[in-house]
Amino acid sequence: MALLVHLKTVSELRGKGDRIAKVTFRGQSFHSRVLENCEDVADFDEIFRWPVASSIDNNEVLEIQIFNYSKVFSNKLIGTFRMVLQKVVEENHVEVTDTLIDDNNAIIKTSLCVEVRYQDTDGTVGSWDDGDFLGDESLQEEEKDSQETDGLLPGSRLSSRPPGEKSFRRTGRSVFSAMKLGKNRLHKEETQRQDEPAVLEMDDLDRLGIRLAEGMDPDSVSLASVTALTTNVSNKRSKPDIKMEPSAGRPMDYQVSITVIEARQLVGLNMDPVVCVEVGDDKKYTSMKESTNCPYYNEYFVFDFHVSPDVMFDKIIKISVIHSKNLLRSGTLVGSFKMDVGTVYSQPEHQFHHKWAILSDPDDISAGLKGYVKCDVAVVGKGDNIKTPHKANETEEDDIEGNLLLPDGVPAERQWARFYVKIYRAEGLPRMNTSLMANVKKAFIGENKDLVDPYVQVFFAGQKGKTSVQKNSYEPLWNEQVVFTDLFPPLCKRMKVQIRDSDKVNDVAIGTHFIDLRKISNDGDKGFLPTLGPAWVNMYGSTRNYTLLDEHQDLNEGLGEGVSFRARLMLGLAVEILDTSNPELTSSTEVQVEQATPVSESCTGKIEEFFLFGAFLEASMIDRKNGEKPVTFEVTIGNYGNEVDGLSRPQRPRPQKEPGDEEEVDLIQNSSDDETEEGGDLASVSSTPPMRPQITDRNYFHLPYLEHKPCIYIKSWWPDQRRRLYNANIMDHIADKLEEGLNDVQEMIKTEKSYPERRLRGVLEELSCGCRRFLSLADKDQGHMSRTRLDRERLKSCLRELVRTRWSPVLDHTGGRRGVWRTEVGGPTSEATGPRASPSILLHGLSPTSPHAPTGEDASGSMTLLPESPGSHSDWVASAGIAVHPPPRMTCLPPPPAPCPMLQVLNETLCPTWDQMLVFDNLELYGEAQELRDDPPIIVIEIYDQDSMGKCDFMGRTFAKPVVKMADEAYCPPRFPPQLEYYQIYRGNATAGDLLAAFELLQIGPAGKADLPPINGPVDTDRGPIMPVPVGIRPVLSKYRIEVLFWGLRDLKRVNLAQVDRPRVDIECAGKGVQSSMIHNYKKNPNFSTLVKWFEVDLPENELLHPPLNIRVVDCRAFGRYTLVGSHAVSSLRRFIYRPPDHSAPNWNSTVRLLRGCRVLCNGGPSSHPAGEIVVNMEPEVPVKKLETMVKLDATSDAVIKVDVADEEKEKKKKKKKGSSDEPEEEEPDESMLDWWSKYFASIDTMKEQLRQQDASGMDSEEKEEMDNIEGLKGPMKGKEKAKAAKEEKKRTGPGQGPEAPEKKKSKIDELKVYPKELEAEFDHFEDWLHTFNLLRGKTGDDEDGSTEEERIVGRFKGSLCMYKVPLPEDVSREAGYDPTYGMFQGIPSNDPINVLVRVYVVRATDLHPADINGKADPYIAIRLGKTDIRDKENYISKQLNPVFGKSFDIEASFPMESMLTVSVYDWDLVGTDDLIGETKIDLENRFYSKHRATCGIAQTYSIHGYNIWRDPMKPSQILTRLCKEGKVDGPHFGPPGRVKVSNRVFTGPSEMEDENGQRGPTDEHVALCALQHWEDIPRVGCRLVPEHVETRPLLNPDKPGIEQGRLELWVDMFPMDMPAPGTPLDISPRKPKKYELRVIVWNTDEVVLEDDDFFTGEKSSDIFVRGWLKGQQEDKQDTDVHYHSLTGEGNFNWRYLFPFDYLAAEEKIVISKKESMFSWDETEYKIPARLTLQIWDADHFSADDFLGAIELDLNRFPRGAKTAKQCTMEMATGEVDVPLVSIFKQKRVKGWWPLLARDENDEFELTGKVEAELHLLTAEEAEKNPVGIARNEPDPLEKPNRPDTSFIWFLNPLKSARYFLWHTYRWLLLKLLLLTLLLLLLTLFLYSVPGYLVKKILGA
């Protein structure tokens, strides 16, 4: 069935132009050729053909569009013609002439004539019925689309399928046609309307490529081969996709460094916190801080690991805070934070810097946050360099919420969630009948039990849970769920699920699967929580060959890629966010295991029978050691086909056989002579018959599969997951096409091809079109019983992404958004693959047991496999055609043992140029021609080292795919002749060079070889006939001259135990070369006597094809022997090509560039050129405001730049006069107070300020990007000048955006430049004219494949290269003073030995690797240069990881013998040898001779006294004169005062300076210095001069190569000894802390909470006292006396604390020196923030005192106290109100009320009291002059507080207290009681005396 459209003509076109037509049917488009310069009629006369798989519907539409074609812009639509094909279907042939309609559906005049034919299902083309191909009704519709979707597949060209092909389907059903049907079918299960097929327009590309190529000459097409643009993905002529990554399982060195800085807001009262840092199983603890909720630690921990990346990245970093841990008790956990190492490693720079970790309590998830810990976390692998932000004073107030320790995109408020991992059942477990017990059992009980007791273990976020053990079961059923509770989103990426076999002795892993949570969730605003399954997960691991010891057990643990199917596990994953306020919630995070609801058998999809067919076409390159024994291949899918313990068929019901099945079964059985099972069913054959290999050549064997190709076929039953695969395949395909297209565009831009934007537009249209197709397909994908939630969510997100992708890329045609496209399409693609529900196919070669890893998901087509033993590299190739299908039908494919011709042997070279063509004649390749064209066989190229004795050594191999020319194609551009390409050569996993070659495969047509392009006859050479590379392929050559500068050799190591004495250097390139002169005595002088030599060589014009240049060093020994010392290959000569200066460039443009702050080497004209003057103005009078620029646009005009850099003195006066408008003026620093450290700290502040400004100021995008890199460094500007911040800002922000930032007045201190990296990185390794080439020794054997490049370095060659086309441009040779002996290397200094004074200043080290058990080190400096070795051992710094050295060392050295300076940091040990912490090496010679003048940095201002004294013995004017003389520049011309002219630039500046006595005198130094600072703007010779600086160098340790062990800040000055001697070295010794005394008077307290109940009266009261300390509770806590029995919360104290302390103002830290413990050898210095803590307590006599509240005042910035207790509020301390902050160091004396806070039960702050205090700060001298007493003692005693009487001590004066207690409260009651008592007394007396009285009366006594 096919539709043919014959487009004849288009008439009545308007205007003249190029026309093109596009014909579309079912989404498949074809373009016509371009008709150029048509007038009103376009005569296309082209036929387009669509093979159609399903009948054409009456309402389908054919669309033809006519465009005006444009090479530059998009094609403009003229009109469209649409035709419904009803009539075509009825009549099979229609001819139409009709008008077109335009965009608005209006009819236009233009008409077109077209003829349409339809070949229906008549007799000519065999029809076939869907039913006999598919047994299932629901799949019939699906099959209809398969041909339409073929357009998406690699290598299916719809336009070229032969019409007779369908006839095979009925009868033979050729393998290939069936394969085509099954090939990655991209449609889905559900039915689909025929008019919306899933096809990408590939042929547009072909046509586009051909059109592009027509406009270019063949040579310009060279590299981005148009074939890559015009062919399908598979026929990219690129290298075949054979990945050679180093195996992930190989252990590597990692270092995790964690700095715990401080903790804040810890929950709990008056705690003693310790921070525990855990990485994996290693734990380390900080010291304990007493009685504080915000402890400061600043402790650094390092963990070293040597494991594989997979294991490393799954380790958990856990930071927890523990309260009151000591030797006896473990302490209580306050809260913890977890994250995996992989999360840190995936951060920019692999680190989090100064971030706050949120603590949460895992045992109480309803509690909320428990505090914050501020820390730095970094993970370094070998070779990573971490750019640490500068470790200076960390003053800025921390914004905790804005700096949380979380990756981008993770919300600050994470919620608790439950992760349910549901484990249902497993299948296909290996028979673990290896153990001894199993064999004993077998002997006793007989083989009736399964010998495996499986259980499943799940690891997640440092916790593990396991299911129950199912005894003796190969198909265990669990139905259990493991529940983890963790914060969501979790900071652990992977969950590890492992099936293990329970055993009495030790459990072993059967298989492991990792679930990547990022792939099963989406964090977008329309995203979804992680969800998975229920789905089958396949596990792969070691082979199932049941030996007693499994050597590949690691594979079962998930390390490395498994090589054999182990089992499959059905699991599901769900996540539920918890509502922590729910009271029923269990608040613990322990792992729980519960029962899960079972799921039905069919939940993962309907079980279908699949048929796997494969044919082995060839097996070649079999290693010699395997060549003796017969070889057989086994193919397995799951356990099906596995001969050891394979499956025959599941016990589940199979679908009933359809009547049509029998016939196909016969076909396959007849084609293979296999026995059938009873019932006429087909037996699976999974292995090939054994066959003995035959020898191919001396290295390899092959299997003689000639006419008969062995086939395998396996029946297997699986859940039907094709729908998932189709979606994934479509998206993969869209992404592949996009990536391929973008690569082409990039290649076109790189090779400067014309019209890359067209190709880009084509790529974007194709992307948009592919997305549209997918959307239309996916819309129809309705519900399906096995669809999981993940399927639905993923489809939704894919659709959203694709809709976005479809529109977004079309916006921008420049290529600037390249990254975005990649990610947008990559997103859905990576997600779409999901869990592998369908098993992988495994191919095993069984005789030499060498299993191969899983190959494809679900595919057909032939592929080439490289089997390998687990963990080794292999030497053989097998090619097989494999297809997975619903039931059977396939025959076979094939190729022969390939012959192996040899290239000639080239002697003694590492960069051979063969220029040779090899021809393989009459190769027989088996397979369909079309398939071979789209997927040609792989060519293996091996390279050997031919030895005169012994066997050849294998050096490496590479793989290539040829360009295929079919017999019916023309041998013409753009595809032929093929282009040369570089192929990466591999040796094992390591790269081993590149091969430049081209490969083509030409089909020999019926006419024999006559049709092939002719081969030029062999050229007879002395080695026999060799055919050169044909002219079309061989690049165009030109004659180049290569000049070589031979400077010297350095650091040569011994060769064969003998020292190198008389070395010589040989240079070779493309077979030509030159030798240096010999060095006669390497020890005495390792430099060459003859400096410059040259040779001429023919090289390709195309620079990308230049061969490498080889440098070899040989040692000339006695008796004419030569020994190779080492060699170096310069892979690209591009950077050494001389490009003559462009004289047309006007000079002012360098000025404009100067303004942009770019570094530029201006190529101005010769100095006689009358260019205009350029004035650089340095006027002190103008305040720094705006940059004035006047740039006129011609070369002879003046361009004036005013750069306002004022010198210090005038600055000061100006400041005093003017004062600052916006801020109160800071006091001027006193000159005598300033020292080098003032300058250093000011520079660091400036650096940070610049970073902040860059963030703030809007920069254009490129600068923004550059800044982003720097933001990573947190270091100073990249490649920018050193000058005042203002000047820097000017240069950076460019004209017009005057820098407002420097307005903020800083005290004017001269600054230097702090580089956060090595100086070499900033100045291009000082290789401006002298390059250093590392010499490597050869490898002695395979064992060294792992050795690093550093280990192989045997020395260094110093020199340079320059290459240019001959003849040399005339203007160079005509220049003044041109010396022909030096060629292009004019003006280089002499290389005679020279004596130099080297002065090394070491400032400090940061983040040193701990060297002692206590986690600290005792570092000292060691310096080595030549024979000088200085060890500053006496001055070691005790127990410091961030030591400040502040030392300078003077060394005399003579270059070139002593030029490598090594600065090391050692750890001092009391006993034993000192350990090396790390070292850094500096090549002083390159610095000394560099034009950047790195001998002594140029300071910012010139000063002859004070802290900023000029260090260089030469004054600026002398330096300037010398530079002008050396560079042959006109100048310098000084005068009038304050002005200097150099070349055509004029610099102005201050003309006077002050000496130490304040006398002013005239000087030219300031303007000379200005000229030096702008030296880079001088035409022709200008370059940046190294400023006064401090560089930061990483310390490395040879034992831990590639991992930084800390950083060292230093700088080096060098002074030649034949010049005037420099002055004394600068004093940079560390500042001594200044001694202060802080006097704190606690006057009163108020509103203190009342804690105690009165014993007698139950009244609330408190016995208040106040405790305070400055450094730490242990050292200096002081308590007031107790104010007893305060009933109102008021307390009166009048008590004075005295805190003497040592303070470093620059770092704002208090310095304490104390012994760590009684066993410590010496004191350790600690630096802690200056914080005063005041606490109120309630004194108890018999129990512990109760803590009531506290406040911590940072002495540098604390809230000003309130004037009265009423005005004092809680908000003052919490920072919720803006209170003015004061610094005690500025105010000196402060008095006021401050609130005291504590946390209540809900962790909220509450006010627990107020304290009135007075703080008074004095220096030690002042304190000595007027001393005061502590407490209320003399001298200057405080008066006693006036306390109410209640505050006496009750047991000393009980009467008083009784009086107070009783009388005060119960006065009236007592009076009443007294009256009552008196009355009672009277009554008693009365009653007592009445009887006697009465008797008296009665008796009358």
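Backbone N, Cα and C define each Cβ position, glycine as well.
According to TrEMBL, the feature compositional bias 'Acidic residues' maps to 660-680 (among others).
The compositional bias 'Acidic residues' annotation in TrEMBL covers 1222-1232 (among others).
Positions annotated as compositional bias 'Acidic residues' by TrEMBL: 1260-1269 (among others).
Per TrEMBL, compositional bias 'Basic and acidic residues' is recorded for 1278-1292.
Residues or ranges marked as domain 'C2' by TrEMBL: 1-98 (among others).
Across the domain 'C2' (236-357), the prediction's mean pLDDT works out to 84. The domain 'C2' annotation in TrEMBL covers 236-357 (among others).
Annotation comment: TrEMBL describes 400-531 (among others) as domain 'C2'.
Note on the domain 'C2' (1023-1149): DSSP counts are 11 helix, 58 strand, 58 coil. Here TrEMBL flags 1023-1149 (among others) as domain 'C2'.
Per TrEMBL, domain 'C2' is recorded for 1368-1497 (among others).
Per TrEMBL, the feature domain 'C2' maps to 1618-1769 (among others).
Among the features that TrEMBL reports, region 'Disordered' is placed at 139-173 (among others).
According to TrEMBL, the feature region 'Disordered' maps to 642-694 (among others).
Residues annotated as region 'Disordered' in TrEMBL: 818-840 (among others).
Residues annotated as region 'Disordered' in TrEMBL: 1208-1232 (among others).
Annotation source TrEMBL lists region 'Disordered' at 1251-1309 (among others).
The transmembrane segment annotation in TrEMBL covers 1866-1888. Cβ atoms under 8 Å from those of the transmembrane segment (1866-1888) belong to no residue of the same chain, restricted to positions at least 6 beyond its ends.
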Feature contact check the domain 'C2' (1618-1769) with the domain 'C2' (236-357), CB under 8 Å, 3 or more pairs:
yes
Across the domain 'C2' (1-98), DSSP labelling yields 6 helix, 60 strand, 32 coil
For the domain 'C2' (1368-1497), what are the DSSP-based totals of helix, strand and coil residues?
17 helix, 53 strand, 60 coil
Tally the residues of the domain 'C2' (400-531) by DSSP class, grouping H, G and I as helix, E and B as strand, and everything else as coil.
17 helix, 56 strand, 59 coil
